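Taken straight from TrEMBL:
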DOMAIN    C:136-345  domain 'ABC transmembrane type-1'
TRANSMEM  C:26-44  transmembrane segment
TRANSMEM  C:50-70  transmembrane segment
TRANSMEM  C:82-103  transmembrane segment
TRANSMEM  C:132-162  transmembrane segment
TRANSMEM  C:174-201  transmembrane segment
TRANSMEM  C:207-224  transmembrane segment
TRANSMEM  C:256-274  transmembrane segment
TRANSMEM  C:327-345  transmembrane segment
Amino acid sequence: MATSIDISDLNIYYGDFLAVEGVGMTIRARSVTAFIGPSGCGKSTFLRSLNRMHEVIPGARVEGKVVVDGQSLYDPSVDPVAVRRQIGMVFQRPNPFPTMSIYENVLAGNRLNSKRMKKAEADDIVERSLRGANLWTEVKDRLGKPGMGLSGGQQQRLCIARAIAVEPQVLLMDEPCSALDPISTAAIEDLIHELKSDYTIVIVTHNMQQAARVSDDTGFFNLKAAGEPGHLVEFNATSKVFSNPDDPSTEAYISGRFG
Amino acid sequence: MATSIDISDLNIYYGDFLAVEGVGMTIRARSVTAFIGPSGCGKSTFLRSLNRMHEVIPGARVEGKVVVDGQSLYDPSVDPVAVRRQIGMVFQRPNPFPTMSIYENVLAGNRLNSKRMKKAEADDIVERSLRGANLWTEVKDRLGKPGMGLSGGQQQRLCIARAIAVEPQVLLMDEPCSALDPISTAAIEDLIHELKSDYTIVIVTHNMQQAARVSDDTGFFNLKAAGEPGHLVEFNATSKVFSNPDDPSTEAYISGRFG
Amino acid sequence: MSLLEERRPAAKPTAMPLVAPQIPAYAPWLAAVLAGGIAALAGLLLGWSLVAVVLVAWALLVVGLPAWSAAIEGERRAKDRLVTTIAWSTFALAMIPLASLAWEVVENGHAIISSEFLTYDMRGVLGAGGGIYHALMGTLIITALATAISVPIGVMAAIYLVEYGKGNRLARTITFLVDVMTGIPSIVAGLFAFALFTMIFGPGVRFGIGGAVALSVLMIPIVVRATEEMLKLVPEELREASYALGVPKWRTIVKVVLPTALGGIVTGVTLAIARVAGETAPLLIIVGTTTTLNLNPFDGRMATLPVFIFSSVTTGGKYDAEQTARAWGAALVLVAIVMTLNLLARAVGKVFAPKTGR
Amino acid sequence: MSTTTTAPSAPTAVSRRGDSVFAGLATGAGLLIMLALAGVAIFLIIEGIPAISASGEQAYGKDNIVVYVWPLLFGTLLAAVIALLIATPLAVGVALVISHYAPRRVARPIGYLIDLLAAVPSVVYGLWGRAVLAPAILPVYAWLADHLGWLPFFDGPARTGRTILTAAIVLAVMALPIITAICREVFLQTPRIHEEAALALGATRWEMIRMTVFPYARSGVISAVMLGLGRALGETMAVAMVLSASGLVTINLISAENPSTIAANIALNFGNASGTKVNVLIFSGLVLFVVSFAVNFLGRWIAARGQVKA
Amino acid sequence: AGNAEDGDGGNGASSDLTGSLAAGGASSQEAAQNAWIVGFQESNPDVTVTYDPVGSGGGRENFISGAFPFAGSDAYLTDDEGELTAATERCGGEAPIEIPNYISPIALVFNVDGVDELNLSPETIAGIFAGEITRWNAPEIAEDNPNADLPDAGINAVHRSDESGTTENFTNYLDIVAGDVWTAGAIEVWPQEFGGEGAQGTSGVVSAVKSGTNSIGYADASQAGDLSVANVGVGDEFVGPTADAAAKILDVSPRVEGRGDSSIVFELDYETEEGGVYPIVLTSYLLACPSYTGDEAEAGELSKAYLEYIISDEGQDFGAEEAGSAPLSDELQSEVQSLVEGITVE
Ligand SMILES: Nc1ncnc2c1ncn2[C@@H]1O[C@H](COP(=O)(O)OP(=O)(O)OP(=O)(O)O)[C@@H](O)[C@H]1O
Ligand SMILES: Nc1ncnc2c1ncn2[C@@H]1O[C@H](COP(=O)(O)OP(=O)(O)OP(=O)(O)O)[C@@H](O)[C@H]1O
Ligand SMILES: [Mg+2]
Ligand SMILES: [Mg+2]
Ligand SMILES: O=P([O-])([O-])[O-]
């Protein structure tokens, strides 16, 4: 089910500003890929170019190729709305819809496509997704309550449940734990471990320990200097990046000599 | 010139919320003291209580003793405005005054207190402070330009120049590099090294490597649980904290097992 | 997790349906041109009026484009296009009165504008001739007085709200009352000034300062709101930077906060001036009007542009045509003043804005 | 601290005095505003009270003040409500264009154009409504009377363009920029993270707006409408110049016989009023004040409540 | 302003007067007063006169309170509300002067497709404005206009929506000549139940009639402009609203009885059958004191000069020319003149 992603020669712009330059890599299916790097090096920008969320920002555009499942993502015939259903996204700050209940939040994506859904079917999706996000037992008795009433970590897992409810193939996560306390962080990390058997997972993190803990492959992004575009310095198996990186700047970053 | 600070049994409140509980330590003169700890444990709060900036926030108050040079900081007869001239502060995000030129920014502390001074004297202070902040050579040809026109790292050094222009005895810095790129960070760290021969320096950082690089003593703050007050777990020489901490939670934090 | 796998509905056509049929990017324009063309053709054949042609063209577009989209792109996209078309239509509709108004004011007003019109008053004028000098000066004097009353009070009150009151009960009450005050009908402000000065000076009182007081009632809340917003935008960091340098609070406000917010405050004040400069009702009640130049706001009626326009249009009589012409001329001048103030407000906002450099 | 410097106390005293004087001035200005508002109410009440016993000749030929004010209040509410029925959908649409549809480079000038609508003085709207809109719209009324005459609103006969509906259209144009401005602000304030959440789930732009922008902005839009209502209720000159008022109570919007509004009625009769008639007019102004106060109060209250929730 | 000094009328001799004179009152006189002010200031360049059209009631009120040295009023003083007594008191115990200075026909202006001339009998006028005759081709109208091509259209009757001396005079006329049709009596505020379009001010009525279709309204004849005006039935004939025809009504109308020598006020005889008299006429008066003393001396002197100008041949002609009013008859003028010249100022 899950899918690999091939990226080649990707340049990403905000208007005239080249934010990320010349990235190429292959993200493996059913694995966790982590991106690390100092602030502003373009990790988020790159991640958002993988499900065409980048172009939501006015003036933003992309050059180069992102190939998912043999299809080029930026082909004119490709519908970005369809892309985003297949490649889900979880954001840095948990963002459940404030006016919806937990139940409605989980179904938000599904409701878009099929207005009429049998109650049983909907219940089924909600339970399956919440179980998938390890949240079912905590919220099953208050599904009608607002999603905003949950704790930060629970909200983040609710967002994950919402993302997997539409059955995407890839799950992109941009610093999903940075707004969370250590306990919630641990819960999310466990969840990522479980999810990877079904999904291709890409995660951005500013926490190198987290990258080391959860990922199979790691990409290190860096900036040559402030104002210069970010670029991919190294992309390797996580074990290699953290023990014996190819590039000296990777080593310097990981050992905390800058950033 | 520089001064040591004795803190004992300090409780810090925001209204009814006890944010930091029972802190005691002695900050040595002419040394760099670093505070580390997970987000929300009260590092900033504690730092701001050292020059009575805490009480700027409505409802905020402090219990306990902070003794600087034999005077209790929170004695009713002490004027907080005067305290802040003696104990300067540099903030996380560089905050030069946007309406002022570089020159005026450096002199802000003197001028805003409506001190009349001769041009020569003012020029002298500006040059001395900017040299002290390692910024003189970079800006000496554009002192009349707006302070906001500098790069982030230069702005932060400008703020340091502004702080030392009023000749304080202590310099408090709250994550002074967290908004900066690696190169600027290195410049500030160098500066801290130089300044410590004249000032007592206290720095909060979320970057353990930075604490290890710049400080002589390190204090580790932690929270027992979310919602509980922060407290000082350990205060020791930096070399000891990073190699052989007294407390197991310090060890856990430093090795990246949480936070 | 294998559970998930099992319950998934049976094989989709492709693993990843990313491609969807789409109508071309120029489709909306094409649809608009087609709709316009069809309507114009029908209009020519059936002799419809221009309004009818436009309405029909619009209806065709609103129905046609989503229908085309629905046929090719599906219902969801079609709905999206429908809403887009309607949203832009509302904008076009909202522009009609503005365009018409601008056109009419210039068309009817430009002919009479001359140096005589701008420098003569109406003393001794029955038919053609005369000018609006007296009304222009009246508007300037009364507006200036209102500004002089409102700005200090408004700015200081905003300082109280943002810097001192911060969320206490009094501040919340004042914020609320200021909000409510923004909604005071202008005629009520005029009645207030009238009632106030009638009680002080007896019946029949009419003078410029009364108008300035009435306008202040309308202006103060605008100034407070604008200043408040601007002061709130001044980052807390700047205040803290100043406090940390050992600067007392009031000097921090005067030397750091106000200069930083100055651009916005000046913009807000200028907009407030523009707003009250065009007020008519309160002036009608408490200032009245006259044909002769009166530069003393403390004694007797003064002419003002808005009241001049109103009375010129509504007096009628033998010289109705001349009066109406003068009214349009005065309207052009008034609109020009107000628009200039608006443009100025923006320009000033930019000039005073803190230099960000980068 | 070095032993030579202790906390200096002389400048302390000075700065403290400066602080308290400045704080006093600021507080004084705040209190003055409260006083001004109270003053508006008090003076209107004092000058309005004598009207309560007015009747006959003094009450413009009406039996008592209630009979005099009621039709005016009716007309005021009718014109304002129609104005909002017209303005609200337009304003929401325009605000959406500015906040979510127009490219950024276009959105700014659009916003500016709409702001210009608010900058036009009301007397100029009056002039325009009277000289341009009223004659231009008379054929439309004739059409309405012919084709939709079975609706009580369009009973007609259409003999003049200066009807309550024309006045309401002018009011709508004047209220539009106010409602638009507030709606635009609240639409823009929709947290980006919620919008992106919807888009990332595969929502179209309209679906995203329905899922995130509208629920978030609901109370803001309601309060915007209330503020627009406040403006429409109190607008004087445009109505005074556009409307042919007979002062009766009717919902026939396009006939020659129209209700008047409080504000316009005051403006038109104040110059000629003397004696108790002045009090009668001020009393009607007091009624207008109370109504618009209530409407604004409600609007702000809704806005404030909405903020707590968001 | 540049034009204050360029008035060319300053021929030296008459202009030793200086100062400013502020009075006001009936709005019906406004146009005439504006003309008189211009005329008077031309020969007295150092005098500034203002006339505030605050309405007849406001004029009387301000006259009584002393705020105005003289006032214009469409109605003379009575003691219904104690005004006459109060005014007497204000004038130091002497009865105030009341003189007619502005006589103007009230025209029935109309704008009817294909109709240029219209004859209306009193009952028909009352029927139209009372809302009983609603179509232009109604038999009542057709009867008076056998040759007109009357359209089959509704009548849009326009009235004043504000309080108005014009309305009062017009309804007074209707009340007297057609009291069984017009049942509201003489009133200043139009009674709603009679319907019709309400317009603000005389100019409002004129422009409403102009811009409406198949409309008719009543307005001061001076403002009719290029609108058609109806002829009103008097006896056997139909008379148009000319100044001469209007002036005649004062000749046939009796004075109000029981007034002092200083009061020249009329009870208009609307039912006259005299030939060539136009009956719907508005008469406006000036109220002044027989003597001004003390503080008011200067204002009194200016008032006297100004009033003399108004009722002079020159003033009356200028008023007729600019405001379409009917000049006073010679006989009435000399009577009025002696009253004004008798004003004393100490
Ligand atoms: N909306 C935007 N418009 C213009 N430039 C942007 C925008 N968002 C980001 N950038 C710029 O693009 C570059 C990359 O930013 P990005 O947010 O991708 O970095 P990041 O690696 O995610 O940083 P962080 O760790 O702070 O989240 C930066 O220089 C940033 O200033
Ligand atoms: N202005 C405030 N009002 C109320 N509570 C506050 C305020 N500022 C901070 N707190 C609370 O005080 C506690 C300590 O906050 P503080 O900002 O000192 O933490 P910190 O260690 O500096 O964290 P970080 O690393 O994120 O800066 C937190 O629980 C925080 O929520
Ligand atoms: Mg990022
Ligand atoms: Mg902090
Ligand atoms: O002269 P009027 O009272 O009818 O305005």
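Glycine residues also receive a Cβ, built from the backbone N, Cα and C atoms like all the rest.
Note on the transmembrane segment (C:26-44): residues 50, 52-54, 56-58, 60-61, 64-65, 68-69, 81, 84-85 of its chain, located 6 or more positions outside it, place their CB under 8 angstroms from a CB of the stretch. With a cut-off of 8 Å on Cβ pairs spaced 6 or more residues apart, the transmembrane segment (C:132-162) and the transmembrane segment (C:50-70) reach fewer than 3 such pairs and are scored as not touching. With Cβ pairs under 8 Å as the measure, the transmembrane segment (C:82-103) is packed most heavily against C:50-70, out of C:50-70, C:174-201, C:256-274, C:327-345. With a cut-off of 8 Å between Cβ atoms, the residues of this chain six or more beyond the transmembrane segment (C:327-345) that come close are 105-106, 108-113, 117-118, 132, 135-136, 139, 266-268, 270-271, 273-274, 277-278, 305-306, 308-309, 312-313.
Same-chain neighbours of the transmembrane segment (C:256-274): 143, 147, 150-151, 154-155, 163, 219, 222-223, 225-227, 229-231, 233-234, 238-239, 241-242, 247, 337-338, 341-342, 344-346, 348-354, counting only residues six or more beyond its ends whose CB sits under 8 Å from a CB of the stretch.
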